[in-house]
Amino acid sequence: MMDQVTANAARGISVAVIGCGSVGASIAYACLLKRVSPLILLTDIDEAKCEAQVLDLQDCAFLSESKIRKGTFKEAGQSDVIIVTAGAKQRQGETRVELIDRNNTILRNVFAAMAPLNRNAVIIIVANPCDVLTYLARAISGLPESQVLGSGTMLDTARLRATLAGHLHVSETAIHAYVMGEHGDSQFVAWSTATVGNTPLLSFEEIKCLNLANVAEDVKNKAYKIIDAKGSTYYGIGGVAASLAESVVNDTRQIRPVSHFRPDMGVCISVPAVVGRAGVVRSLMPLISSEEKALLEKSAKQLRAVIDKYS
């Protein structure tokens, strides 16, 4: 019986990473080490830098059965998973809307360069603002909405689970808690549904003594602490994106808090979803408290206010 890597090689599976900056390179590196697909393509308009990143990454390929090379945008468009990291960083004094305008243009240019797309491809948006760009990518790509998703609050959720696991001295995999809503200021922790194994999280004495508002705020602000000291974050999101790509390629059907379109809210927003070969296989709405429902609607309302400018 073939192992998963051999089976994927036989199917000619490939993952493309658009953007060869620190985030894109970290995603490619994580995909290599996790052997996500037999072939990884790195693509960027800066071909010299892209080639240099590929040469550097090829030097660690002995750790993996995967291969990496520089790809064209047309090749990227035919990949099975397309991870989009390309986007502008916010300039000093620039408004959020101005940043979105620039990234909307970049996103359109990327998809135009990749056209025609593999109709079975799954798009993973990592560029920020993630939820808005995921929404825009739905229309630009022309793919079914289930095949376009964003990294959303998956990294925030990983940070939350690591924090809680540290307090409880258990494995992070035993923590079932989610950060939901926008990947940004209006995100919130769904404390009411959080469990450790099958035991409610809030029943633990170690948790009762915590200031949960401070825990949520620390999770939300962790990126800023990293950025203040080293300028940007990339390893964490690299691992998240590679893990999402793995879920798609291997059809693992794991439940992930990814940004995806919710017709009832009219936006792309993070709630738990089953992620597999077709992208978002199923969206799951937890039975959260009335207060948390209000926070989710508030988050969606703020996203709609931005998205309406581009509809």
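Even glycines carry a Cβ here, placed using N, Cα and C.
TrEMBL lists transmembrane segment at one of the ranges 12-32, 117-137, namely 12-32. Taking DSSP states H, G and I as helix and E and B as strand, the domain 'Lactate/malate dehydrogenase N-terminal' (15-150) has 67 helix, 24 strand, 45 coil. In this entry, NAD(+) is bound by Gly19, Cys20, Gly21, Ser22, Val23, Gly24, Asp44, Asn103, Val126, Ala127, Asn128, whose most widely separated C-alpha atoms sit 17 angstrom apart. In the predicted model, the domain 'Lactate/malate dehydrogenase N-terminal' (15-150) has a mean pLDDT of 94.
Taking Cβ-Cβ distances under 8 Å and a sequence separation of 6 or more, the neighbours of Gly19 (NAD(+) binding site) in its chain are Thr43, Asp44, Val84, Thr85, Ala86, Gly87, Ala127.
In sequence order, Val23, Ile27, Ile83, Val84, Thr85, Gly150, Ser151, Ile237, Ala241 are the residues of the chain that are 6 or more apart from Val126 (NAD(+) binding site) and have a CB within less than 8 Å of its CB. If you draw a 10 Å sphere around the CB of Gly21 (NAD(+) binding site), it holds 17 other CB atoms from the protein chains shown.
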